[in-house]
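**Q** If you look up Swiss-Prot, you'll see D411 marked as active site, 4-aspartylphosphate intermediate. According to Swiss-Prot, the feature ATP binding site maps to D411, K412, T413, E515, F556, K579, R613, T693, G694, D695, R807, K813, N836, D837. Under the heading Mg(2+) binding site, Swiss-Prot lists D411, T413, D833, D837. Annotation comment: Swiss-Prot describes 1-12 as compositional bias 'Basic and acidic residues'. Annotation comment: Swiss-Prot describes S1175 as phosphoserine, evidence class a large-scale study or a structure entry. Annotation comment: Swiss-Prot describes 1-64, 113-295, 369-889, 943-972, 1032-1037, 1104-1209 as topological domain 'Cytoplasmic'. The topological domain 'Exoplasmic loop' annotation in Swiss-Prot covers 87-92, 318-346, 911-922, 995-1008, 1059-1078. According to Swiss-Prot, the feature transmembrane segment maps to 65-86, 93-112, 296-317, 347-368, 890-910, 923-942, 973-994, 1009-1031, 1038-1058, 1079-1103.
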Amino acid sequence: MTVPKEMPEKWARAQAPPSWSRKKPSWGTEEERRARANDREYNEKFQYASNCIKTSKYNILTFLPVNLFEQFQEVANTYFLFLLILQLIPQISSLSWFTTIVPLVLVLTITAVKDATDDYFRHKSDNQVNNRQSQVLINGILQQEQWMNVCVGDIIKLENNQFVAADLLLLSSSEPHGLCYIETAELDGETNMKVRQAIPVTSELGDISKLAKFDGEVICEPPNNKLDKFSGTLYWKENKFPLSNQNMLLRGCVLRNTEWCFGLVIFAGPDTKLMQNSGRTKFKRTSIDRLMNTLVLWIFGFLVCMGVILAIGNAIWEHEVGMRFQVYLPWDEAVDSAFFSGFLSFWSYIIILNTVVPISLYVSVEVIRLGHSYFINWDKKMFCMKKRTPAEARTTTLNEELGQVEYIFSDKTGTLTQNIMVFNKCSINGHSYGDVFDVLGHKAELGERPEPVDFSFNPLADKKFLFWDPSLLEAVKIGDPHTHEFFRLLSLCHTVMSEEKNEGELYYKAQSPDEGALVTAARNFGFVFRSRTPKTITVHEMGTAITYQLLAILDFNNIRKRMSVIVRNPEGKIRLYCKGADTILLDRLHHSTQELLNTTMDHLNEYAGEGLRTLVLAYKDLDEEYYEEWAERRLQASLAQDSREDRLASIYEEVENNMMLLGATAIEDKLQQGVPETIALLTLANIKIWVLTGDKQETAVNIGYSCKMLTDDMTEVFIVTGHTVLEVREELRKAREKMMDSSRSVGNGFTYQDKLSSSKLTSVLEAVAGEYALVINGHSLAHALEADMELEFLETACACKAVICCRVTPLQKAQVVELVKKYKKAVTLAIGDGANDVSMIKTAHIGVGISGQEGIQAVLASDYSFSQFKFLQRLLLVHGRWSYLRMCKFLCYFFYKNFAFTMVHFWFGFFCGFSAQTVYDQYFITLYNIVYTSLPVLAMGVFDQDVPEQRSMEYPKLYEPGQLNLLFNKREFFICIAQGIYTSVLMFFIPYGVFADATRDDGTQLADYQSFAVTVATSLVIVVSVQIGLDTGYWTAINHFFIWGSLAVYFAILFAMHSNGLFDMFPNQFRFVGNAQNTLAQPTVWLTIVLTTVVCIMPVVAFRFLRLNLKPDLSDTVRYTQLVRKKQKAQHRCMRRVGRTGSRRSGYAFSHQEGFGELIMSGKNMRLSSLALSSFTTRSSSSWIESLRRKKSDSASSPSGGADKPLKG
């Protein structure tokens, strides 16, 4: 923040220096933000951005110019505009102008309508957000205003569960001391509630009349994208007060468990930190589009070459032969030489031969993409019945790109997980609870479990809580002391707040979902946390109210990884209760607990193996004298001016030792349904999945194991946590060394010390033996993304099977995606559900938003949306793969049929004096791509499939051809062109050879221009129809109708154009009456057509037959397998759920926030509001994933890792 030097210590508004009246910040770099409360006139001088957001690209005025500019970025559109201009020049126009202008206008119009429709829905979504209502204090009265009309300096009233409309300075709230609780999942992905507090001088401004008189001015930092930092000063009543991030409510947050609060708007609209992290809407193009632009340029070069050849031929012919015809065929007056005749002939042939890339290609592409989008929208298997939400293709231009994805970047919270924590299992005094066994002693699966435990004995039980093991409740009821102490610890050692609005209706306000789950479990098992004061905690233990004196809270932080409370019970006994990470607490236990420790560690291994989040519970008795002495030293440490945190940590370490082990808890962070199966399937499809989350490392790693991204079968999991550039570089170097040493050990024959180029190093790393994973923290990632280290990070990460980035900001998410796009040249997909994911969604080639959540920002920015992560496998492996396959087959066929059609003119030029005479009449040229051959190829492009959808999911390796660009690339393009040229040669020379000596039935000469044209045109239509029949892999009634219908339409139009009726109406246009009927009545003509068709098609049939038998690809094998299966009985395969076992690792994860204990002890948050507890659902099985993993590892050439694979830090 910049504060003018001349500002006095006692600030007064009248003394504001002239420099304050700055011009609009957007004219230059804004150095500081100034906002005065309740003074719109003053704030308007700075012309700050309004609170209106915009994700749309056009408006009414800009739509036409901007959209046309975008469309003419397509090389083909510019090419056709150029041809149209040429056709308007009479001297060189060999075809009517309407043959180009009609299709060009048609394709521009269709694309414009599609873009306008897409943008209309963006406008509609923007309006839904901008028109949300907010209560704004205007002229001393609270008025309902739309979000878009909120201005900087306005005072807004927020109520519970409302989204924050702009970046606000919290002034006051319904909670004591100006506290309020917010959920920031839309910003940083964390679901645990956070606390914000108004500064004391404004916390009492809860009355409208007081707020109306508030005229303080805030001077603070300019708009930026730093979510966790804010610095500013409030000047009011001749005093100044420092402001920090703890005083701010950011747009995208939700007010929770707070009845109301008031805030002063500091940043609005695009200046908010949320929008600063969102990035710009980019015009996305597919790799096929980019390739098409290149190919169109090549074709244009080929076209110029043909034009030059024919122009030179024209000049030579005119000079050598044409001079003889001058007597009765004189040149036009403007043509005075053979050279100039050749020059005009060049442009005429450019017009004639332009059909090698017809404009109808682009119309057809848009129609096909639209059809694919509708298939996605109509897919019932991607419809979520629970949320009544269908899948939606929000753009129609990226469908085939879905079949080429190599990297998926996924958010965690709300995307992979449900944000629901469930108390799943526990270990108490060496006994594990939570599993249910049948009469034979086998562990019961989820669907085989009996009714959940009945908690009806407890009137205060949470009815949503489910637990399946009745033996734990029996242990509580019989008064087992260890079990009672276990739940007593859970009911005392926490920072949860409680409220009871009605008798028996108890609500918990949990600062983290983990704590909410643990305290709720204790509540249902008879240890009900009822209330607290700054110095006491009241618990109902099996119906008896007991009040404990709260002596101290040893608060949680990410370094300690534990929290403790010290309480005195009614008998005067002092006891410390502690819960924390097993890696931390197990070293602080008394040696007498060793036997119990070994058993508990076995249980912890089991829980961690199931992907559960674990905590260890312990206690310690303290004598009065020791506690008093310790409390005095703690007080002195808390008052220290320097190294306060270090001194307190040392004091805490001292007391948290030699504790007695009670047991462990296992909480399930519930995954979205089908997440493990989806990740397994996508991994088998050679898609790498990176998780980018704002959550902490332990939580992210635990979810990695839960969803099977990380497994104990991995050779090693590298964890990068360096705080400096050197530390991060060293950790990345060691990771690469280990991977390369592993490859060397299996005979790759190189060492890390070998000097390798960057490209060679990358290829070596990607071929490493074994499976590795990389976990990197946000502060380390900031260094890894620096220009001089980003390649090292990328090489290391891409050599790993899984990558998890923790504590990352929205901007870092986008930077990671951009890094992969920049260097890997791979198709990327980003998927998320919150506003913190918008930036990476916009940056990736394809953005997917999870809909049905509270926030809609991710959906608004996305290209595709659906309600559950599991639908991603169907979007990619079915719709994406089919879209890519269909588009590739369509393009190959389209180029083939148009080269076969156009190149006939080239060969004809050598027999017509290079006069730019066409073989076909202009009506056939116009209708060939629009009527005669358009619908069959459209049907193939929309409906074709190589294997059914079930096989696409069953054989994910079918997805790999799209990733490798195997189905349409430069090689395939040249093959299609060669086939088209081959067909054109036969199409011209076989009829030419036959017609040279053929006669009609009456003995007259068969050869005339019109008969030859009809024969060639008919042969062409039949040959390309047979060819598309060969190319079609999935026949529908529509395919049959379009192919046979197109042939029928061709003959109908052909006979009509040569009929007496049209001649009578248009004698100058349709002069060749009866020519088609007479020509096609000749057996010689039909024999010629059949011969041409056979000679054109048989080599294709022979080649495909040989390839199918000698070198079939996977889709051929799958189709063959499918035929075999139809002849055999389908065998039912029973899949047994297999739990993950392996080496020891910590299952600890606890999403708690530091500083809450101090807040409780201060008594500032003792007045409570309600909390709606999360609903608990049963856990879904992910049994079959292990089989998929095993299947892949069996097929891999690298040997499996050893038994002990440590989690590397």
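Keep in mind that glycine also has a Cβ here, set from the backbone N, Cα and C atoms.
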**Q** Short question: most Cβ pairs under 8 Å with the transmembrane segment (890-910), which of 296-317, 347-368, 1038-1058?
**A** 347-368
**Q** Which one is it, among the recorded positions D411, D833, D837, that lies nearest to F556 (ATP binding site) by Cα separation?
**A** D411
**Q** Should anything in the same chain at least six residues away from the transmembrane segment (973-994) have a Cβ under 8 Å from its Cβ atoms, list it; otherwise answer none.
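**A** The answer is 295, 892-893, 895-904, 906-908, 911, 919, 1012, 1015-1016, 1019-1020, 1023, 1084, 1088, 1091-1092, 1095-1096, 1099-1100.
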**Q** Do any residues, 6 or more residues outside the topological domain 'Cytoplasmic' (943-972), come within under 8 Å Cβ-to-Cβ of it, and if so which ones?
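**A** Tertiary neighbours of the topological domain 'Cytoplasmic' (943-972) are 287-288, 291, 295, 403-406, 681-682, 684-687, 826-827, 873-874, 876-878, 880-882, 884-889, 891-892, 1032-1034, 1036, 1038-1039, 1113-1115, 1118-1119, 1122.
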**Q** Does the transmembrane segment (1009-1031) come close to the transmembrane segment (1038-1058), meaning at least 3 CB pairs under 8 Å for residues 6 or more apart?
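**A** In this chain the transmembrane segment (1038-1058) contacts the transmembrane segment (1009-1031) - 3 or more Cβ pairs sit under 8 Å.
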**Q** If you measure G694 (ATP binding site) to D837 (Mg(2+) binding site) at Cα, how many Å is it?
**A** 10
**Q** Across the topological domain 'Exoplasmic loop' (87-92), what are the DSSP residue counts per state (helix, strand, coil)?
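**A** Once the DSSP states are binned, the topological domain 'Exoplasmic loop' (87-92) shows 1 helix, 0 strand, 5 coil.
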**Q** In whole Å, note down how far the CA of T413 (ATP binding site) lies from the CA of D833 (Mg(2+) binding site).
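**A** Their Cα atoms are separated by 8 Å.
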**Q** For N836 (ATP binding site), list the number of other Cβ atoms lying within 10 Å of its Cβ atom.
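**A** Total other Cβ atoms inside 10 Å, all chains included: 34.
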**Q** Listed binding-site residues are R613, R807, N836, D837; which of them have CA atoms within 10 A of the CA of the residue listed as 'active site, 4-aspartylphosphate intermediate'?
**A** N836, D837
**Q** Mind pulling out the one from 296-317, 923-942, 1079-1103 with the most Cβ pairs under 8 angstroms to the transmembrane segment (65-86)?
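**A** Against the transmembrane segment (65-86), the leading stretch is 296-317.
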**Q** On the 0 to 100 scale, where does the mean pLDDT of the topological domain 'Exoplasmic loop' (911-922) fall?
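**A** Averaging the confidence scores along the topological domain 'Exoplasmic loop' (911-922) gives 87.
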**Q** Return only the integer: C-alpha distance in Å from T413 (ATP binding site) to D837 (Mg(2+) binding site).
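**A** About 11 Å separates the two Cα atoms.
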**Q** If you draw a 10 Å sphere on the Cβ of D833 (Mg(2+) binding site), how many other Cβ atoms land inside?
**A** 32
